[in-house]
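K.L.:
Quick one: the structure is below, questions incoming.
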Amino acid sequence: MVRHSSRIELSQSSLTKNINFIRKKIGPGVRISSVVKANAYGHGIHQFVKMAEKAGVDHFAAASAFEAEEVLEARSAGSDIMIMGILYKEDIDWAISNGIEFYVFNYERLPYVLERAQALGIPAKVHIEVETGANRTGMQASEFPDTLKFLKKHAKDIHFKGLCTHFGGAESFSNQFKITSQHERYKEFLKQCEKRKMLPEIRHIACSAAALAYKDTVYDMVRMGVSQYGFWPSPDIYYLHMQEQGGRNNVSPLKRIFTWKTDVMDVRDVRAGEFIGYGTAYQATQDMRVAVLPLGYSNGYPRGQSNRGYVLIKGKKAPVVGLINMNLFMVDVSHIPDVEVGEEVVLVGKQKNNTINISSFTQVTQLMNNEMLSRLPAAIPRKIVK
């Protein structure tokens, strides 16, 4: 098999530590739904699902039927799959037939779901998403009474798996009033369920940020996204954790599971006064030695790192010189002796005593961690390591 120009390594032990930390925070009896949208936040659905199952996770949340199909291919028989976003009408039969749970966020979809469930002779598993203030997707309060009547009447063919909502900004404490308001509205929907004796099997509203910061939002299940991958949802959530620790331990319990590597493609000597790469973005002020790396912005390495980023070679930081090209970029290795073709290069991760974090990219490029990770091409090979 031919080689790709870079590779991603995923640490099983780091993921297991993250899941154990999350379990400790949310308490016993609460199920973790591992959010694997955007190709598992760039980590790779096929690899990550297997890793998460090994760490004890048995529920996965995808953004679409397309992603859910990938999870279906990777998961073990005992794990459940939930579609939180788009499910086209023509894919509903597929979802029902495969026992896949899915969100319903307007009443008008339910009669068709019923029709298909009855035709297939298989009950549909639906989560009713309700509108509480994010104004993105969610069933309006005016539709909810009829929805409960419908679900009660057709309970044999449509299983009321869950009642859920989505918080609009739980990662920022400046939104606390909004999160509190959304939670109160959710409770009103729950009261209607109780009044009509039509309770959902699972109540779930907490994302990573809410689960870690707002303990009262933790019900039967939490939808854990960025935190399971070793990232704090925001500085606010991290500082809250540190405050709860009382300064006793400054080491983050969340461990990054992701390392991105490549290799030196060529090593070149550049004379003082020469330009490196396209245009005049970088001019050598002295004789230099540069390493050419075989990837660029088409491979997910941001162009915003031009003349600003670093990589690690032999455990030392090598600064990017010149513009990030589509498939190449150069780094200064004048201060690193004996760099050779084929030398391992760490783009993100740890090498000896130095570390390059995703946050170093996001600070320069103004991309969010999630955005940077989700842009990594699926073609980059992912490998599970210890």
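Going from the start of the chain as shown, residues are counted 1 onward.
Positions of Cβ are set from backbone N, Cα and C atoms, glycine also.
Annotations for this protein, taken from TrEMBL, read as follows:
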type	residues	note
MOD_RES	LYS37	N6-(pyridoxal phosphate)lysine
ACT_SITE	LYS37	active site, proton acceptor
BINDING	ARG136, MET326	substrate binding site
DOMAIN	257-385	domain 'Alanine racemase C-terminal'
ACT_SITE	TYR278	active site, proton acceptor
K.L.:
Expressed to the nearest Å, what is the distance separating ARG136 (substrate binding site) and the residue listed as 'N6-(pyridoxal phosphate)lysine' at their Cα atoms?
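P.N.:
With distance taken Cα to Cα, the residue listed as 'N6-(pyridoxal phosphate)lysine' is 17 Å from ARG136 (substrate binding site).
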K.L.:
Can you give me the average pLDDT across the domain 'Alanine racemase C-terminal' (257-385), rounded to a whole number?
P.N.:
96
K.L.:
Quick check on the domain 'Alanine racemase C-terminal' (257-385): DSSP residue counts for helix, strand, coil, in that order please.
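P.N.:
Split by secondary structure, the domain 'Alanine racemase C-terminal' (257-385) comes out as 20 helix, 48 strand, 61 coil.
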K.L.:
If you count other Cβ atoms within 10 Å of each one's Cβ, which of the recorded positions LYS37, ARG136 has the most?
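P.N.:
Of the recorded positions LYS37, ARG136, the highest Cβ count within 10 Å belongs to LYS37.
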K.L.:
Can you grab the distance from TYR278 (active site, proton acceptor) over to MET326 (substrate binding site)? Cα atoms, rounded to a whole Å.
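P.N.:
Roughly 11 Å, rounded to the nearest whole number.
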K.L.:
What is the number of other Cβ atoms found within 10 Å of the Cβ of MET326 (substrate binding site)?
P.N.:
11
K.L.:
If you draw a 10 Å sphere around the Cβ of TYR278 (active site, proton acceptor), how many other Cβ atoms fall inside it, taking every protein chain shown into account?
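P.N.:
Result for TYR278 (active site, proton acceptor): 12 neighbouring Cβ atoms inside 10 Å.
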